[in-house]
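Visitor: In case it helps, TrEMBL gives these features for our protein:
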REGION    1-50  region 'Disordered'
COMPBIAS  1-13  compositional bias 'Basic and acidic residues'
COMPBIAS  14-23  compositional bias 'Acidic residues'
COMPBIAS  24-41  compositional bias 'Basic and acidic residues'
TRANSMEM  70-90  transmembrane segment
TRANSMEM  96-118  transmembrane segment
TRANSMEM  125-142  transmembrane segment
TRANSMEM  169-187  transmembrane segment
TRANSMEM  194-216  transmembrane segment
TRANSMEM  222-248  transmembrane segment
TRANSMEM  260-282  transmembrane segment
TRANSMEM  338-358  transmembrane segment
Amino acid sequence: MSELRQRLGRDADGQLDSEEKESELENKLDGETASDSECKSEAAQAAPVDDTPEVLNRALSKLSSRWKNWWVRGILTLAMIVFFFIIIYLGPMVLMMIVMCVQIKCFHEIITIGYNVYHSYELPWFRTLSWYFLLCVNYFFYGETVTDYFFTLVQREEPLRILSKYHRFISFALYLTGFCMFVLSLVKKHYRLQFYMFGWTHVTLLIVVTQSHLIIHNLFEGMIWFIVPISCVICNDIMAYMFGFFFGRTPLIKLSPKKTWEGFIGGFFATVVFGLLLSYVMSGYRCFVCPVEFNNDTNSFTVDCEPSELFQLQKYNIPSVLRSVIGWKTVKMYPFQVHSIALSTFASLIGPFGGFFASGFKRAFKIKDFANTIPGHGGIMDRFDCQYLMATFVNVYIASFIRGPNPSKLIQQFLTLRPDQQLHIFNTLKAHLVDKGMLAGSEDA
């Protein structure tokens, strides 16, 4: 009996030793992954590729590298600004499609970095599942947006009404399918790496997809809530670069050695002034200030309304301290211009931290840019690192200080209720108005 116990003990110890060895091997493989990825990144970093168009290379061949980079960035920045004006002219629906295309490209750039880092281990289904989760999250967010903003259209079409009713259940089922596929794809000795990449994908979805969805929400509130914040970020980026290029002497942050205090401060003041001027011009046009709505009569999306008080000129008294300086007692401004100060301040003081975050991410993987999509600027994600943070702030700002109850949405939802529910709400509202003295009661009548 004692011999049997000793034998069982030796077998148990041998099994534990085997499991410990497998665990050590897995840890070793995980440790090698980081070092291997750094070696690959350093090798890639050692041979930088000049992605500047040949035409510009020839035209600027006699300039120093510093001034050559200045001209390349300037020319391509002007080209992007022209493209931005064109898509604004095409309207909100085209803008929404452009935002979605930018979101997909940014997701691709970040996922590609993860794929390149762990490429040698050939993790199964990594890219397939990443794109599948992107599809699921977009289906959920866009479905919520369509149901919220275009309720009348959804209720009128039977297929859309069914999809809207069970939208969240369908979205959850789609995500659950991907979750099960991930569990089935787990491979021994690569468990930790696969969970790393599972987390990589979901953090990317949180940063890119969620915040791009907020951009679309801002757009539906009125194009001015889309254009002014984005333009403020662009202005701050340009003016900070200009001030830093000509006057920069004092380094700002170690993550971005080329950023200077002179550029940071100069960009702030230039952005605030730019935001005030742009807001004044855009507040006078209904096509910019009116929310995007679906018109049942024309069966089309319209941008037409009676501008709210936020976009109507009002007189403001100038503080007595400034009256002696400028000689004015009052000034006419749109209330939105006051809000634009908050937007431009965030864009110039907090927005750059989105860029610093991206710089830290790139340094962690020893890469210069997310991609080489735009010569002199890097990838699309390099241009939108601050925009996503700005979009989140604008959405929170609108929900906290601007948006109120929407009567048209309430009426649309009221009309979809059963007759007995509508009658109950009518009687409740009537009794409330009578109590308030805003409506005569039956006895008074």
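Backbone N, Cα and C define each Cβ position, glycine as well.
Not measured: the values here are computed from a predicted model.
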Visitor: When you look at the transmembrane segment (70-90) alongside the transmembrane segment (222-248), do they share 3+ Cβ pairs under 8 Å, ignoring any pair fewer than 6 residues apart in sequence?
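Guide: Yes, these stretches are in contact.
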Visitor: Counting Cβ pairs under 8 Å that sit 6 or more residues apart, are there three or more between the transmembrane segment (96-118) and the transmembrane segment (338-358)?
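Guide: By the criterion, they do not touch.
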Visitor: In the same chain, which residue numbers or ranges, 6 or more beyond the ends of the transmembrane segment (125-142), come under 8 angstroms Cβ to Cβ?
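Guide: 100, 103-104, 107, 111, 114-115, 118, 167-168, 170-171, 174-175, 178, 181-182, 185, 194, 197, 201-202, 204-205, 209-210, 213.
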Visitor: Could you tell me what the rest of the chain brings near the transmembrane segment (194-216), counting residues at least six beyond its ends with Cβ under 8 Å?
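Guide: The answer is 96, 99-100, 102-103, 106-107, 110-111, 114, 118, 123, 126, 129-130, 133-134, 137-138, 141-142, 145, 182, 185-187, 226, 381, 387-389, 391-392, 394-395.
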Visitor: Under 8 Å between C-beta atoms and at least six residues away from its ends: which parts of the chain pack against the transmembrane segment (338-358)?
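Guide: Distal contacts: 228-229, 232-233, 235-236, 240, 253, 255-256, 259, 264, 267-268, 271-272, 274-276, 278-279, 310, 370, 381-382, 385-390, 393-394, 397, 401-402.
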Visitor: Using a Cβ cut-off under 8 Å, which residues of the same chain at least 6 positions beyond either end of the transmembrane segment (169-187) come close to it?
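Guide: Residues packing against the transmembrane segment (169-187) from afar: 123-125, 129, 132-133, 135-137, 139-140, 143, 163, 194, 198.
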